[in-house]
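S.K.: One structure is given below, represented as structure tokens, and several questions about it will come after.
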Amino acid sequence: MLYEIIKFPDPVLEKVAEPVTLFDDSLKKLVDDMFASMYAAEGIGLAAPQINISRRITIIDLSFQKRPEEKIVLINPEVIAVEGKQHEEEGCLSLPDIREKVTRAAWVKVRAQDATGKHFEVEGTELLARAFQHEIDHLNGILFISKISRLKRDLVSRRIRKMMKNGEW
Ligand SMILES: [Zn+2]
């Protein structure tokens, strides 16, 4: 099934998500449905709170369906090491059409579980490092617009309010 993507300012996006403790068939089904929902929304990353499920599950596919081996499922993920800095533009399915530059670590190492509960570590640089940090932030109730300057954030809020008023959000 396809889930609707929840948009800012829904409170579920600012809640700390609950850890996953049961690695059963319904979790595997949820992960598959998350990939389908993410592709339908033309995204490369999705966290469960964005479909109104406040649990620590996130998926990434930077190849956007082109290379199945690049599909990443992170359950109960944690950033365990970071290095360097990068400053690049980010977007988010929960904030359509908003793009702002965000400072992130250049390299991160993540420890997580897969859909069967097995622990693993994965590392990434550039866009992948950014995706890890952006998606794990979602599980902690943090949106990328909280990482930009106050001035830019005010401009973004004003733009969103205007779109809401015009029924475009
Ligand atoms: Zn996002």
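Heads up, residue numbers simply count up from 1 along the chain you see.
Backbone N, Cα and C atoms are what each Cβ position is placed from, and that goes for glycine too.
For Cys92, His134, His138, the entry in TrEMBL reads Fe cation binding site. Sequence annotations record features per position, and here TrEMBL assigns active site to Glu135.
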S.K.: In the same chain, outside Cys92, His134, His138, whose C-beta lies within 8 angstroms of the Cβ mean position for the Fe cation site?
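M.R.: The surrounding set, listed in chain order, is Gly45, Ala47, Gln50, Glu90, Ser94, Glu135, Asp137, Leu143, Phe144.
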S.K.: Can you see whether DSSP assigns Cys92 (Fe cation binding site) to helix, strand or coil?
M.R.: coil
S.K.: Provide the number of Cβ atoms within 10 Å of the Cβ of His134 (Fe cation binding site), excluding the reference atom itself.
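M.R.: Taking all protein chains shown, His134 (Fe cation binding site) has 23 Cβ neighbours within 10 Å.
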S.K.: What is the number of other Cβ atoms found within 10 Å of the Cβ of Cys92 (Fe cation binding site)?
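M.R.: Step by step: centre on the Cβ of Cys92 (Fe cation binding site), count other Cβ atoms within 10 Å, giving 25.
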